[in-house]
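The ATP binding site annotation in Swiss-Prot covers G169, D170, R171, Q172, C173, G174, K175, T176 and is backed by sequence analysis. Taken from Swiss-Prot, the feature site 'Required for activity' covers S373, and the record attributes it to sequence analysis.
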Amino acid sequence: MQLNPSEISELIKSRIQGLEASADVRNQGTVISVTDGIVRIHGLSDVMQGEMLEFPGNTFGLALNLERDSVGAVILGEYEHISEGDVVKTTGRILEVPVGPELVGRVVDALGNPIDGKGPVNAKLTDAIEKIAPGVIWRKSVSQPVQTGIKSIDAMVPIGRGQRELIIGDRQCGKTAVAIDAIINQKGKDLVCIYVAIGQKASSIMNVVRKLEETGAMEYTIVVAASASDSAAMQYLAPYAGCTMGEYFRDRGQDALIIYDDLTKQAWAYRQISLLLRRPPGREAYPGDVFYLHSRLLERAARVSEEYVEKFTNGEVKGKSGSLTALPVIETQAGDVTAFVPTNVISITDGQIFLETDLFNAGIRPAINAGVSVSRVGGAAQTKVVKKLSGGIRTDLAQYRELAAFAQFASDLDEATRKQLERGRRVTELLKQPQYQPLQVWELAVSLYAANNGYLDDLDVKQVLPFEKGLRDNLKTSHADLIKRIEDTKDLSKDDEGALRAAIESFKKSGAY
């Protein structure tokens, strides 16, 4: 086809007129220095606090320090290829992570990238990792239980949906075991679990994932892992990422449980970042805002009202309240709960479960110190049957501890004191429990009933646990209807109490334990 010169010029003119030249206006800066994952940048005049920055090689960073003539940023991931003079661009975006049901059953890093070798996550939505907690008006009081399946917790330190309950203790005294048991016990209870591992060995995280898979708990669990080999930035961000994933379910009228294991390591990572950014150190070299670091995270765990859920989902979900329950873990040094981070988190949470090394070494596991462990709001959420039966246990243990300390110095004890000591020994034995074997509500109720009504008093201490197990097995085989009634009503009626008493007495007479 031949075109004459005039047609060619017309064609070029029309193409030029139809051209839409779009310019990508972005602020640029230059890297001044790179040290230990911290970058100083000159020339980023309109950057926001917490904004994502784009570095060469598809690497991103987070702007944390905004100073007069430079910006201090932390790099997310590898930083070996970044050097002085590199160009940095603003993105105009706050850090976001993928959220949604697609993450359930997966192991991801602090940015939501899969690290379990099972392919991409394919989440349809993302959400900001830093969000403001729901206001007072949108919250509901805690009234539904989270059953951990651990006798001493469900009986004496009950946890409710939307509560923040701290698990605190020295290293190697069973903190993670308590948290994992709580996850395993949520099978079939319509509760999504999120386990955030911060600063742990990769092998330890793998063991937890393997155990969750073996027990079928990965079907409703998300694992967010920032191991000890990951950068301080990843360890600092992991809890916020996990919290955002949990909020997805809370805001849509579902229930979620999140475990931060542990926040001491997150505080260490934040201290490291802050000192490298040259922020002024305070007590124990932590920065001044380390309280806010944890308070803004834990305040996001809440039970939200039906109105909040309806407003959030634009009317799609009606009449359902959502909750996010948090179990933060704190590691103490030589039992010192008066250190900076432990006191901070104790004051933020709604109660704490103290685990003691001495109890652990004495074979009392879980090593829960009932005297100083409290649940400030969980009592309202406790199931009727457990609430009815657990009061006596706490009293028995408190009296036993007081008398045990006194009895060391007294040679001759009166009959009443001796009885209380014997009862206390048996209750302490009863509250022992093997790992990965959480109990159902009826099993806990039966154990508490037997202890309260003196059925353990004439047993040898070593016979207590075999008796309890034998009794549970006997009820399963011979009294399934009674078990079903207790499970369905979560209460113990007069008739059921009579049937239970008769069942325990006949089992005890049989001596099959």
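From the backbone N, Cα and C atoms, a Cβ is placed for every residue, glycine too.
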Cβ neighbours of Q172 (ATP binding site) where a neighbour is any other Cβ within 10 Å:
11
May I ask which residues of the same chain, at least 6 positions away in sequence, place their Cβ under 8 angstroms from the Cβ of D170 (ATP binding site)?
E331, T332, Q333, A334, G335, L355, E356, T357
Let me check the 10 A CB neighbour count of C173 (ATP binding site). How many other CB atoms are there?
25
Including all protein chains shown, what's the count of other C-beta atoms within 10 A of the C-beta of T176 (ATP binding site)?
21
Using a 10 Å radius around each Cβ and counting other Cβ atoms from all shown chains, which of the binding-site residues R171, K175 yields the largest count?
K175
Neighbours of the ATP site G169, D170, R171, Q172, C173, G174, K175, T176: Cβ within 8 Å of the Cβ centroid, same chain, sequence order.
E331, L355, T357, F360, A367
To the nearest Å, how far is the Cα of Q172 (ATP binding site) from the Cα of S373 (site 'Required for activity')?
18
Where's the emptiest Cβ shell within 10 Å among the binding-site residues G169, G174?
G174
C173 (ATP binding site) to S373 (site 'Required for activity'): how many Å between their Cα atoms?
15
Can you grab the distance from G174 (ATP binding site) over to S373 (site 'Required for activity')? Cα atoms, rounded to a whole Å.
15
